[in-house]
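Structure first, commentary second.
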């Protein structure tokens, strides 16, 4: 029966393939035939078009849209991220960042400046592109480093890395070689060019210019530059050093004054001589040594110069001529030759000027000579501009100081006195720091902050110091200010009162840690972080018991809906997985209790609505034979529960022969229940509406409609009338026909006897059994002979049959409705209906088309006759319509350009070979890199009776395979796998494969054998390593030399791992290209972590394994470039060369792309042929009874059978009371095991797979379950297979966190048990993804099994560890290596970690300031090994029977250690050695089931005492086949025993299985754990105590009462709102929609916000309503749920009433209070401000007094308002106090006291918050805001803001006591918003007039004074 079901399923799928391929043969791939034309196939959402099957297949569950194959996603479901056409749960952190649009999120590539990035921005980099500098502080990549950083190029490996190194704190830019050497400085700092340091004040003999301290000229003590914009100009001296004198004219220091100048010893300046002197000894006229022209020197001492001419004249030769008009005395006619000036002029040198030049001042004091006029005297050295004090002529006051000096208190100083002032370069003065800075460097850079005392407070508050850096439009901006509160992203550090930056995940915070967040970052509406426990997460933390999601509204982590076990961000009902009892809808993130009838079923193993089988619309499970109903176009085969496709022309059908509706272009023919392209012409017409063939009226022969007047032709004996009806020939005899109604229209014919009929004027004999007829055929009878047993039915004389007789004669079929036999069509001799398309056997000369049950004389288009001797037509599948075109060979309905493997070309056909065929799929050649490569060789086999394949390996003539490696194959391929290091380098090998065929002359190995020779390459010879380190930047240099490559590609690279163990730091640099030389690595962010007098350890690991992998990838890429490669060769080249999951991931995209290219570029007939060949081999298998052998002996409890239904597999038929795949179990043991398997299956089915920990645990459980796979029933197997596929898919998503070797080992172990079970499901052969998965698993299984087979041959020498200690000073100068080899293959599979810390040497003891560093370079291959040789003793020779009662679980093993292929003896080791001891039998891993118990004890044999001991050896871990023990000493033989607490001490090895089951049976803790998981959804069961249920119900009821009362109050206030609204409209008095403020909720949402009701106050009021509504009920629940005594239980009713009363009263008072507050506001605005005249508006102008009155009024109003609120709410406590006194018991008083206390605290907190807000609001208002508030109270709202922009001018005129001019006010008017006073309403009103009419200019010129007067008038 099972075989029959599978065969039916196979035929159905083949039919679908034929149908689709037939359409594809006409239309291109991706198109289908529709109404005679090819149209593109459109698949529904969540599906893609599978070009191989020609169907729409489902996308992966994570994809919302895909192409090509299920996992090639183009759009992802919510909660997944699209990356390289894959949907991931999170983006790869090092390559992408998250970018969301709507609900679709994509992993976008990093910015072009980054090669790796992280976070939510594309500019948060980990590594930079070429030409960009990396800033480690802010993780950015820049073309040029920012200010404060210097650009450095560091050699790392063979490449160079560009870094931005931080400069010294005061530097803006610094040197590339030394970050402490500044190039430019920050603001208010100056570069000392001598030291390259930035200083705030330049040293002596230097001056400041453009941020630089420049050296003064020679002789200058202080100097400055007169033109800072041109630093190359000459400096000017201010003072001179000793021995030099200041030349004021040239601003230089000279040793001697020039002619006309004299030294002033007091000031060390060169002063000009008297104007009459050319040269002098002092400045007076008495010290002249030489006179000007026209003057003569007087005799005597002192001497002076006298004018030779009268005053106002000068001497010219012998004449006295008049001086210039400005000169009163002169020595020439020019204005430049004056010696004294007239009134109004000042003598400057020898020139008379009206104003003295810059640097001089008017010296007003008169000289002793009254005729002398004032002169222009020099300003003091530090002054650039100065003036003489009018009251004190001796005092010279500076106006502007020279550069480098600053004006302070009337003097020029070089530095300002203290930091409360700052030096302003613009004004060259000392300005006070701007509040709130207490000390500062500039107006915008504070150093410390001032304190301030808000009004009403006693103690002052200090402003917060904030240093903030942000990116502005002009670049990076640095602010150092004092702020009252820290901005977003910063928090206040109370220790130093400064703003410190928050954690980058926090938007606001209260500290620097991740757990100090107040709010979280928001990048955009779809990209934000969520808060949970004061920490921000990209994805909320969830557990199985507490699933959470990120709510985008509150930005918090909230619980998922109760039906979700995990959900997506944004909606608690958008589920990712479901709780037990709920199922995740297909392609919808919703959990439902039932699945919809949309082709899905409830999968309890995954809690999902999984897809039904092929064609099902509803089903019981996902298998093909579990359908309940079918999709359109399919029908249900009831006997097999399978949905089969309807015939191609049918849109719907009930079976293959009964169509219900037809596809476009076909019509339903009811006579045969089939769809035809053309209706019969006789008796039917086409109804296009119904798309069916409708019978004509009975009177018509042919017609075009169903009426009797729509005839086209008539039957014999009638004629066609003009009205379309048929009329009988009434005028003619019964045997005649007529042409019309007259007798003359009759056609006279002879009268025939009975049994004859008239034909062409002659009487001919009827068909036998006919009495009368119309022809000679069987279906032309009119009546039957009465003497025979026949009856007339549909013009045929049929033999009468009984109701129970269904057998008809040949040529007839049985009609079950009419219980009669009817004749077949004339083309058929056997049929099931009347039509020619209902034949099962054809008449002679006709060919049967089996799939469409049609007989025709020749094969129809699309069919061919495969065998000329068989009258049957088969459908063409590919490349043909009817036979093959020229150049093609025909085979099995396919056309080939070349006959496939296993066949031979014979003319135009391909025929199968009679003998088996065998060949290698590829030639290894001489490119095998044996040292690193896993070599896989594929064998192609065609054999109908294939039994096995044997492999041998030779070197020369030596067979080194150690016996043939036998493989039982399952299909036409086989593989041989050579693990790494199994072959020698530079060696020639011969691989030989032979097959055994039981029926075709392949009885021994040499009959059918192929072989090929290949050459291995030379090995890579490793060179020397050396390490150097630079202490400045923690820079490591790796020196590699002496490597040989020998025909290996040069582009070898390696990975570098650097580990700082003292700081737990790990640095990873991957993919460095190899070259001999130096590789430099800069370890980031560690230079400040090194400490003196403390050991620092580094671990540098060289990954030799990656070198080998890259060689494989190079070879693979070369293969991919060969476009002629076949699919099989391509698959083999991929799967034979990958060894880790990372390589699978990296090659996946390339693999699928190449696969698509191959599939589209070459014919797919090969693939179709392979499937046909597979089924041909399958159907030809014969069962053979064979004897059991050593490999399969059925445990001695059964017989061996070579089964035809299991692909040549040898199976066991067990004896009675035995069961299992190999009859290894007894029946009662089987029953016990099955009970636990049910629980375990449920366990793994309910484990979520969204976390790595859950995934690993599931793998462990699955691995254990596979040991018992032979006892699984069908349902359990299906569950395990589904879970297995889930696990495999999840592995691809989390594989970056998986240790590759361990997972590969587990996958292989799991696959080796499940592979045969999966193959039994034939549907998997037609699913490409599952076929691909199975092939991958086959390869894994083959690879690992052969690893283990060749394990003993792959041991390498144990390399002794060399360790050298090097100590040195802090400036590290040298380092050494420690070479550690990797463990063996088995240890890599079994160990928890790779290179453990235990392999590093212990810290070194040292003294002083020496620091020791140790570097280890660990290579991953070749691997050292400790091998254990298994000694199979019949009995334990070392163990007395009385020593250990517990049985041995393992073999007795002997530990043997080799070095240089020589056995060595080692007694002690420096660290624990791990020893893998094989088990006697594979057993489950008990540590998985009971993780907190140790199941085994490791022991060793002490040869001295001759007993086994446990000291010095310990149990570490186990798997199904080995136990790992750790030993501190190497000694003899080892074993493992089972602990007594696990099993019965008397248990023997023969019943080890029974012992294992007993463990399960006795493990009550495990059973309880299973039950808890199974019943996790049933924890809300019935409680035995009904009082608990009642008490939990009552508080909920009280809450409903409170809500009901609250709704009643809302209704009342809505009614009031409507009444108030109408009243306002009737009275024409409506002030700014004040009725909005009646109802609090309506007002909160829609009401205007004013100074009385800002948003914060409304939010507090609304929160108060919620608190009052639920607070008291919460207290009731809390108190009532305490352990209650009898009195508490008796007063439940009273407490309910009280609780409802409290809640209702609280809500009512809150709403009434709010309403009264609104009324007070309206009353206050309309009456108290106007009628009571609290403000005086009678003044002519707005003054500060008005503002003060507004402030005072607001204070009084708010105090009265909140005082009333407090009294109203405090009054609520009176009834509560009365109720307290009415109860006497202590419990009741405690209850009400708690309620009252909570009530009081609630109201006090409300009042404190509101009053505090009132004061803050008032006192924080600016003067402008207070003035605006004044107008707001008068009814003028927002336009006042624009009108009052003249605040500064008002303030200016108020200070002057003036009124603002009208034109100033007019300039501030608004063209669109005009204010006017409406006289008849007595209320100011705002008129909006926008673009409606041209506003009168007079209205635009309203003056401020008129506006104030209007306000006064309206009072």
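Even glycines carry a Cβ here, placed using N, Cα and C.
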When Swiss-Prot marks a stretch as transmembrane segment, which of 1641-1661, 1662-1682, 1683-1703 is it? 1662-1682
Among 1599-1619, 1620-1640, 1725-1745, Swiss-Prot marks as transmembrane the stretch 1599-1619
Among 1796-1816, 1817-1837, 1838-1858, 1859-1879, Swiss-Prot marks as transmembrane the stretch 1796-1816
Do you know which of 1763-1783, 1889-1909 Swiss-Prot annotates as transmembrane segment? 1763-1783
Cα-Cα distance linking residue 572 (N-linked glycosylation site) and residue 496 (N-linked glycosylation site), given in Å to the nearest integer: 44
Surrounding CB atoms that lie within 10 Å of the CB of residue 496 (N-linked glycosylation site), all protein chains: 9
What whole-number Å value do you get for the CA-CA distance of residue 274 (N-linked glycosylation site) and residue 316 (N-linked glycosylation site)? 21
Of all the glycosylation sites given, 274, 316, 572, 603, 621, which has the fewest Cβ neighbours within 10 Å once its own Cβ is left out? 316
Express the distance between the Cα positions of residue 621 (N-linked glycosylation site) and residue 603 (N-linked glycosylation site) as a whole number of Å. 7
What average pLDDT does the predicted model assign to the repeat 'FU 7' (373-422)? 85
In terms of DSSP three-state secondary structure, what is the assignment for residue 603 (N-linked glycosylation site)? strand
Expressed in Å to no decimal places, the gap between the Cα atoms of residue 603 (N-linked glycosylation site) and residue 316 (N-linked glycosylation site) is 129
Residue 572 (N-linked glycosylation site) to residue 316 (N-linked glycosylation site): how many Å between their Cα atoms? 112
Translate the DSSP assignment of residue 316 (N-linked glycosylation site) into the three-state scheme. strand
List the helix, strand and coil residue totals of the repeat 'FU 12' (640-686) as derived from DSSP. 0 helix, 24 strand, 23 coil
